[in-house]
Amino acid sequence: MIKKISLLTALSVTAFSGWAQDSGSDSLVVTANRFQQPVNTVLAPTSVVTREDIERWQANTVIDVMRRLPGVDTAQSGGMGQLSSLFIRGTNSSHVLILVDGIRLNQAGVTGSSDLSQFPLALVQRIEYIRGPRSAVYGSDAIGGVVNIITTRAKDGTTLNAGIGSHSYQNYGGSTQQTLGDNTRVTLAGDYTYTRGFDVVAEGNNGGLAQPDRDGFMNKTLYGALEHAFSDQWTGFVRGYGYSNRTAYDGYYNSFTPDVLVDTRQLYSQTWDAGLRFNNDLFHSQLLSSYSHSKDYNYDPHLGRYDSTATLDEIKQYNVQWTNAVDVGHGNIGAGVDWQKQSTEPGTSYVTNGYDLRNTGVYLTALQKFGDVTLEGAVRSDDNSQFGRHGTWQSSAAWEFIEGYRFIASYGTAYKAPNLGQLYGFYGNDHLDPEESKQWEGAFEGLTAGVNWRVSAYRNDVDNLIDFNNNLQEYYNVGKARIKGVEATASFDTGPLTHTLGYDYVDARNAATNALLVRRAKQQVKYQLDTQLYDFDWSLTYHYLGTRYDTDFSTYPTQNVKLGGVSLWDVAVSYPVTSHLTVRGKIANLFDKDYETAYGYATAGREYTLSGSYTF
């Protein structure tokens with residue numbers, strides 16, 4: 001029996017399953033090249049966040065987790081559940097590929113950008129985050145980077161949790177994972193989150209609609225998974241999750257219906273996966289199919305989401321993946337096929353008729369070590385039903401010139417396909433071409449006197465950016481962006497203290513006008529201090545968010561406005577009352593700084609949370 005249970009665990013930690021690992025140098029990651037490898041062999045800059053990290057930071061949202069990571073800048077139109085944007089290394093929010101268990105998140109069909117404020121943190125057991133182009137591995141969207149959210153649990157057990165906080169915040173949840181018999185594992189989880197929120201419109205600098213009320217958020221989440229080991233080599237699994245979100249925001253009146261105030265968003269999302277894995281000492285393969293369906297309503301709550309004045313963004317997404325990897329020499333070769341179909345239902349507000357977009361991608365990856373030199377490459381061809389074939393490639397080389405020190409050079413191409421709204425919406429243009437990018441990067445990394453560090457410089461040229469033509473009243477390819485940046489990270493211990501440092505310099509500009517791209521801070525400093533003192537686990541976070549620019553849409557013509565820099569401190573502490581019960585407390589924005597990440601939208605100010613978890 002012990003042998004069988006160990007076998008099930010080993011089969012679960014495959015190149016494609018995403019079972020959580022420790023975040024140290026021996027951590028195994030799967031996102032960089034779609035096969036399992038130690039994180040210290042990945043040539044692209046990579047960050048791993050575990051569930052233990054999330055609990056230590058006491059984050060309440062996925063956005064709160066991501067903002068701590070290198071190369072990340074975020075903007076949000078208020079508090080929990082409000083519209084958010086994720087910028088990686090200065091690229092657009094639509095230039096980051098969001099995966100859930102290796103499958104593209106079905107949330108960006110019409111709008112083109114995934115809003116991580118709507119994804120439940122309760123589902124997140126691990127995040128693997130890759131910076132730089134990855135279209136040669138994954139296809140569209142992976143211009144700035146890839147974020148892979150992994151939902152599978154690391155170990156068996158049952159956890160019950162509850163929390164309260166500022167703005168009437170409440171959270172209640174539970175999960176259990178059990179091994180049945182010798183070779184079957186079952187996981188069930190549920191979560192409920194609610195906050196009354198605060199008025200998201202900032203005072204004194206927004207000419208829009210004044211709506212002095214609280215803008216709250218509520219989420220309900222369910223998750224289930226079943227995994228079975230048929231033999232030493234074959235494993236099958238099925239999993240599903242769904243969530244319902246309701247968000248109140250400061251809305252708008254429509255000129256055609258001046259008595260209707262649209263200020264509520266209701267999102268329903270469900271996803272189902274099923275797969276079969278094969279593993280032996282040299283060869284690994286997985287066949288995975290997935291179906292997801294999302295309905296995103298915006299409406300006047302007095303009239304309901306089915307009223308004619310409501311809007312609906314409804315997308316169905318179908319995915320089939322066949323991924324393979326074989327160990328060769330001192331490395332690995334991977335190859336596979338992706339097929340995806342996105343469908344809009346007739347009646348979707350932004351796309352009146354029903355449309356389908358199909359994409360088939362074939363890719364090849366390779367990683368090989370030759371003495372002190374490591375080479376990595378990937379090539380991919382996508383066949384899209386709208387714009388035809390598109391090819392991408394990338395290559396990297398690392399030279400360990402002194403033991404423990406290496407230089408890495410990389411180049412890659414990437415692209416972003418036009419979304420359904422840009423193609424078929426009210427102002428759509430079905431002749432749009434994909435947005436394209438070329439990125440160069442050079443980096444040094446090493447271990448010096450106990451300090452694990454990395455310094456890199458990069459340039460990203462993005463062409464064919466899609467913009468809106470006011471004269472023609474349609475989308476067209478016109479824009480160009482030139483992004484240059486420097487990124488530095490370091491981690492080290494001093495006695496009982498663990499330090500993590502990050503510095504980002506990003507110069508992201510419109511190549512035609514030389515204007516800075518909005519909502520990107522030119523400089524950021526991030527610092528994390530963790531320690532244990534008398535059984536209390538302490539976590540101190542510092543974040544300097546530099547000056548940014550945004551657009552004031554309340555003026556005509558619109559004007560650029562400057563958002564000042566800010567220094568933010570968070571402090572969190574936890575205490576294990578028993579071996580099963582842990583209590584936690586956190587103060588976010590310790591010094592109650594007043595700042596904005598999106599012009600005209602307030603942030604929460606100082607917030608308190610108190611929570612506890614019981615594990616058995």
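Using the three backbone atoms N, Cα and C, a Cβ is placed for every residue, glycine included.
What Swiss-Prot records for this protein:
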- 1-20: signal peptide (SIGNAL)
- 26-33: motif 'TonB box' (MOTIF)
- 38-152: domain 'TBDR plug' (DOMAIN)
- Leu83, Ser85, Asn92, Val110, Thr111, Thr311, Arg519: cyanocob(III)alamin binding site (BINDING)
- 155-616: domain 'TBDR beta-barrel' (DOMAIN)
- Asp199, Gln211, Asp213, Asp215, Asp250: Ca(2+) 1 binding site (BINDING)
- Asp213, Asp215, Tyr249, Asp250, Asp263: Ca(2+) 2 binding site (BINDING)
- 599-616: motif 'TonB C-terminal box' (MOTIF)
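Feature map: annotations from Swiss-Prot on the structure.
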residue	record	DSSP class
Leu83	cyanocob(III)alamin binding site	coil
Asp199	Ca(2+) 1 binding site	coil
Gln211	Ca(2+) 1 binding site	coil
Tyr249	Ca(2+) 2 binding site	strand
Asp263	Ca(2+) 2 binding site	strand
Thr311	cyanocob(III)alamin binding site	strand
Arg519	cyanocob(III)alamin binding site	coil
(request) Quick one: give me the count of other CB atoms within 10 A of the CB of Asn92 (cyanocob(III)alamin binding site). (result) 24
(request) Counting Cβ neighbours within 10 Å across all chains shown, tell me which of the binding-site residues Asp213, Asp263 comes out on top. (result) Asp263
(request) Kindly state the mean pLDDT of the motif 'TonB C-terminal box' (599-616) in the predicted structure. (result) 96
(message) Checking the contact step here: among the binding-site residues Asp199, Gln211, Asp213, Asp215, Asp250, which have a Cα within 10 Å of the Cα of Leu83 (cyanocob(III)alamin binding site)?
(response) none
(request) Write out, in the order they occur in the sequence, the residues of the chain not among Asp199, Gln211, Asp213, Asp215, Asp250 that have a C-beta within 8 Å of the mean position of the C-beta atoms of the recorded Ca(2+) 1 site. (result) Val200, Val201, Pro212, Arg214, Ala248, Tyr249, Asp263
(message) Let me check the 10 A CB neighbour count of Ser85 (cyanocob(III)alamin binding site). How many other CB atoms are there?
(response) 24
(request) Measuring CB to CB from Asp215 (Ca(2+) 1 binding site), give everything in the same chain under 8 Å that is also at least six residues away in sequence. (result) Gly78, Gly79, Gln82, Gly197, Phe198, Asp199, Val200, Thr247, Ala248, Tyr249, Asp250
(request) Could you tell me what the rest of the chain brings near the motif 'TonB box' (26-33), counting residues at least six beyond its ends with Cβ under 8 Å? (result) 13, 15-18, 39-40, 42, 44, 46, 48, 99, 102, 128-130, 134, 137, 146, 148, 332, 334, 365, 367, 376, 378
(message) Neighbours of the Ca(2+) 2 site Asp213, Asp215, Tyr249, Asp250, Asp263: Cβ within 8 Å of the Cβ centroid, same chain, sequence order.
(response) Asp199, Val200, Val201, Gln211, Arg214, Ala248, Gly251
(message) Should anything in the same chain at least six residues away from the motif 'TonB C-terminal box' (599-616) have a Cβ under 8 Å from its Cβ atoms, list it; otherwise answer none.
(response) 55, 58, 60, 76-79, 82, 157-167, 169, 171, 198-203, 205-206, 208, 550-552, 554, 561, 563, 580-593
(request) Enumerate same-chain residues with a sequence separation of six or more from Thr311 (cyanocob(III)alamin binding site) and a Cβ-Cβ distance below 8 A; give 'none' if the list is empty. (result) Val262, Tyr297, Asn298, Tyr299, Ser349, Tyr350
(request) Calculate the distance in Å between the alpha carbons (Cα) of Asp263 (Ca(2+) 2 binding site) and Asp213 (Ca(2+) 1 binding site), and round it to a whole number. (result) 11
(request) Would you mind reading off the Cα separation of Asn92 (cyanocob(III)alamin binding site) from Gln211 (Ca(2+) 1 binding site), to the nearest angstrom? (result) 30
(request) Restricting to the same chain and to sequence separations of six or more, state which residues have a Cβ under 8 Å from that of Gln211 (Ca(2+) 1 binding site). (result) Asp199, Val201, Asp250, Gly251, Leu261, Asp263
(message) I'm trying to understand the geometry here, so how far is the Cα atom of Arg519 (cyanocob(III)alamin binding site) from the Cα atom of Asp213 (Ca(2+) 1 binding site), in Å to the nearest whole number?
(response) 26
(request) Give the number of CB atoms, excluding that of Asp199 (Ca(2+) 1 binding site) itself, located within 10 Å of its CB. (result) 16
